[in-house]
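Only one structure is covered here, and it is reproduced in the block below.
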Amino acid sequence: MDVRRRSEEAVYSSKVFAADEKPLKPHKQQQEEDNTLLIDASDALPLPLYFTNGLFFTMFFSVMYFLLSRWREKIRNSTPLHVVTLSELGAIVSLIASVIYLLGFFGIGFVQTFVARGNNDSWDEEDENDEQFILEEDSRRGPCAAATTLGCAVPTPPAKHIAPIVPQQPAVSIAEKPAPLVTPAASEEDEEIIKSVVQGKIPSYSLESKLGDCKRAASIRKEVLQRITGKSLEGLPLDGFNYESILGQCCEMTIGYVQIPVGIAGPLLLNGREYSVPMATTEGCLVASTNRGCKAIYASGGATSILLRDGMTRAPCVRFGTAKRAAELKFFVEDPINFETLANVFNQSSRFARLQRIQCAIAGKNLHMRFVCSTGDAMGMNMVSKGVQNVLDYLQNEYADMDVIGISANFCSDKKPAAVNWIEGRGKSVVCEAIITEEVVKKVLKTEVAALVELNMLKNLTGSALAGALGGFNAHASNIVSAVYIATGQDPAQNIESSHCITMMEAVNDGKDLHISVTMPSIEVGTVGGGTQLASQSACLNLLGVKGANREAPGSNARLLATIVAGSVLAGELSLMSAISAGQLVNSHMKYNRSTKDVTKASS
């Protein structure tokens, strides 16, 4: 069905007629008015329509069954077929009556519909042109925004004020009355769709599938939202984004996109290679501070980063009738003899998935199984979930009394601070270290080695312990992790466990130089899938040299990205701790992170 076709009510309301002039109606509607005087087949009995139909349907099949039975009996007894009893005669009459009714109700009406449609399928001249235009628009594959380039320019009605639908509010004075919401005029067909969505006739979520144009759907949805809420979305951009690229994988119900500035910190000298680290943030001074840390590391000979573990996790929960049965499955899963079988079942989910181990925990008659597997260059949540489902299906055959409560039961643990991630790790576990010379500490960081060591002990260790921190033994690791994650298309919500970090500082070389390290047990990153395929994020990954999958060594791009994240955190920790030690934190934030500019004017 063409959702953009204008309703009859809209057609009538779109024209202004003179006092003595009647609006033209489609002949189909006029025919319906004329047919009100005709007698239909359903008027055969003074009964409701469904009773009449049911009666004649029952009569038809009952009589047909009776006549067929009698016919078969006559053939079996060699009775002449033309010899008809009174009951058979009544059955024949009933059959003819039911056939006439059913043909009159269904067949003739169906034929009349096509005959009437062939003779009267026309509107008045203006409406026919409008309908033809809409049908031509439906066959066009290009978006409306590109109409001028495709040679199908659409006439646009003059711009006008569109009054938003807002709740009735008490009257206010002229001085307090807000300015009316002004939006660009939509085309006539878009206007009809907007009205249908506002009225609830068309679901907003179905616009992409009905229109076949993601950008146009976002534009219409944005206008609908403005009219319903009465709030302007003028500052939310719509153009300049490929909405087709996010359909079905990144975002639903789109109305635009937000703009986050991206800065560059570096070069970061890590494992003998230089990296320019993209950081998407709205916090002033963050990129500048991280950049200063990179400068200090570079001047001191660079940093070293080591990958300790690489394994994404998923932990389903199953329930048995007794705790004994749950323990039996625990012993079965943890038995090394059975691991190879379970691994083969798990690894069938993907050519990159490789099961590493299964860690079990019992809570009464419930068993939580934490699956750990490598996932190549993908972050791997979907991959490991598919593998877990395969294993659960296999175990269901062996343990018929096993009840699967959920494929994810928080023993993973995803997007939550958890001791299991802090201790066992999740994703990539990385440690990064550097030795900062005394000269660099004084000239670049403007502080002393002893002051940094003391501050780290009292702030990152003692202070965090007093606060009951879980994985938060650092200054601001999440700042750097979030900024790099947004820039490179990672899942920002996984910043929670990815920012687990303990920062250590120690004076070395007779107290002259500073040894600094960050240990991050659960960095969850990928270079394929999710937001990594978006143009901006893909460009940032390309800048780091980790775009896409590594065909020669699967998984190496994601592991390299994890080490870069850890190296960036090291730079950020070094610079912020130095600023606090030197008493520069407040001054720098007042200079770079506090502005008196009118941002609304700048954006307009």
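If you go along the chain as it appears here, the first residue is 1 and each next one adds 1.
A Cβ is built for glycine as well, from the same backbone N, Cα and C atoms used for every other residue.
So that you can see what the record holds, here are the features copied from Swiss-Prot:
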| type | residues | note |
| --- | --- | --- |
| ACT_SITE | E283 | active site, charge relay system |
| ACT_SITE | K415 | active site, charge relay system |
| ACT_SITE | D491 | active site, charge relay system |
| ACT_SITE | H589 | active site, proton donor |
| CARBOHYD | N120 | N-linked glycosylation site |
| CARBOHYD | N347 | N-linked glycosylation site |
| CARBOHYD | N460 | N-linked glycosylation site |
| CARBOHYD | N593 | N-linked glycosylation site |
| REGION | 112-188 | region 'Linker' |
| REGION | 189-604 | region 'Catalytic' |
| TRANSMEM | 47-67 | transmembrane segment |
| TRANSMEM | 91-111 | transmembrane segment |
Residues near K415 (active site, charge relay system) in space but at least six apart in sequence (CB under 8 A): A493, Q494, I496, E497
Cα-nearest neighbour of E283 (active site, charge relay system) within the listed recorded positions, N347, N460, D491: D491
Under 8 Å by Cβ from D491 (active site, charge relay system), counting only residues of that chain that are 6 or more apart: M379, Y485, E524, G530, G531
Nearest-integer angstrom distance between the alpha carbons (Cα) of N347 (N-linked glycosylation site) and N460 (N-linked glycosylation site): 41
Under 8 Å by Cβ from N460 (N-linked glycosylation site), counting only residues of that chain that are 6 or more apart: F473, N474, A475, I502, T503, M577
Number of Cβ atoms other than its own within 10 Å, given for N347 (N-linked glycosylation site): 16
Cβ packing number for E283 (active site, charge relay system), 10 Å threshold: 15
Model confidence over the region 'Linker' (112-188) (mean pLDDT, whole number): 45
